[in-house]
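Working notes, beginning with the structure itself.
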């Protein structure tokens, strides 16, 4: 056949070939946009992430309180190096216990009720710290608020991933971290204000507010459609998805996809099934990311932020330094939320780990090589019980620790902060999601407990530079782990991600 005769046929075929007719494609695009803009979805996410606000508030509670309790007139409440270490670290032990509990609660009560359940220990913990008459009450309050944080850490990301539309799941998946950062920032601001006009106990009273708001709002929110289907509640699942997407969208098609995915999976994962790559590969990736996230040193830096700034003698007051770092963290998480569904998860993880590596290395080298007479660290041998030690800045070189901390938190908040939680909820299969997310939280907070417990001891024995140099080495490992192990999940439905791990075919991720 003559090529010139075949050319019009080729042009006609290629130009007329479409997956859908143009009118149907336009209608599907309009329904897609309507489902993205349904305000009820964002209201449900906001109600849930109030738990993360409380978590962020409770996590950094020791930062402004430790200096106040070091100088407390009552011996029963006064902190020394040993008690301050326990006051800072015991929260993570409670969080690990909360993660263990979430392994049962997520599958028995459901994601939403698990989040609501966390309000009970959280409210009780804040009440104990507000009325503390001794160190024991302070510790118990920290354990209870940590327990609540462990439950919410395991439940909220899963709840958000299961109710979110794939087009905004990255942005909404960053909201837990965003609210945790906002909670920390509010704590720093209140710590500065209340220190001037009120007693430190009012910080614990303020922590009750988001807890009460969360439990009231969640009473009106639906449960996860995937969880409801796993419990055989098909009518409730359909109503939940309709509420989340809008009645004028094609939610029925998404419902059938979710239903088909749930039908293929049993209710509980068995021990024998753990050997299946479909189960153990995403589980190892999720656990590995949580382990490396904590080893990068973020919890130690956040918990002991003001004492670190005090000992490195930054030119501003430690309270202002902490607030600046909190603002940078908030801004960085907002950038991650906006860019996650555009740039992708992996590129942000690479950038995040690189920035943290440089920042930790800068902090360690600064403390190691800048003379104590210039950086005011008094040989960097302690972070607490230092009210009588001079910490006056001698030059603008003392801005280096502040800038290093700001860039460290910026790097963490752009990637390894929000994305590790998001990926945990995205890649874990539905049948193991409740148990596996709890396991990830346990590993995360046991690691954080160990680090925060030994951080001060390492500083006393070897100097403040040693932990930061160790954290830098871990951040280099984070880069290698991201390149070798972490899949890109941008724009993929949870069902596509499960199909990828089930078959190993990358075509499902395209």
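Going from the start of the chain as shown, residues are counted 1 onward.
Even glycines carry a Cβ here, placed using N, Cα and C.
Database features (TrEMBL):
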{"type": "DOMAIN", "residues": "44-490", "note": "domain 'Major facilitator superfamily (MFS) profile'"}
{"type": "TRANSMEM", "residues": "41-63", "note": "transmembrane segment"}
{"type": "TRANSMEM", "residues": "83-106", "note": "transmembrane segment"}
{"type": "TRANSMEM", "residues": "113-133", "note": "transmembrane segment"}
{"type": "TRANSMEM", "residues": "139-160", "note": "transmembrane segment"}
{"type": "TRANSMEM", "residues": "172-190", "note": "transmembrane segment"}
{"type": "TRANSMEM", "residues": "202-221", "note": "transmembrane segment"}
{"type": "TRANSMEM", "residues": "347-369", "note": "transmembrane segment"}
{"type": "TRANSMEM", "residues": "396-423", "note": "transmembrane segment"}
{"type": "TRANSMEM", "residues": "435-456", "note": "transmembrane segment"}
{"type": "TRANSMEM", "residues": "468-486", "note": "transmembrane segment"}
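Non-local neighbours of the transmembrane segment (83-106) in the same chain are 58-59, 61-62, 65-66, 69-70, 113-114, 117-118, 121, 135, 138-139, 142-155, 158, 299, 303-304, 384-385, 433-435, 437-442, 444-446, 448-449, 452-453, 455-457; each lies 6+ residues outside the stretch with a CB under 8 Å from one of its CB atoms. On the 0 to 100 pLDDT scale, the domain 'Major facilitator superfamily (MFS) profile' (44-490) averages 81 in the predicted structure.
Sequence-distant contacts of the transmembrane segment (172-190) (same chain, six or more residues past either end, CB-CB distance under 8 Å): 41-42, 45-46, 48-50, 52-61, 63-64, 156-157, 160-161, 164, 202-203, 206, 210, 302, 319, 322-323, 326-327, 329-330, 333-334, 336-337, 340, 413, 417-419, 421-422, 425-426.
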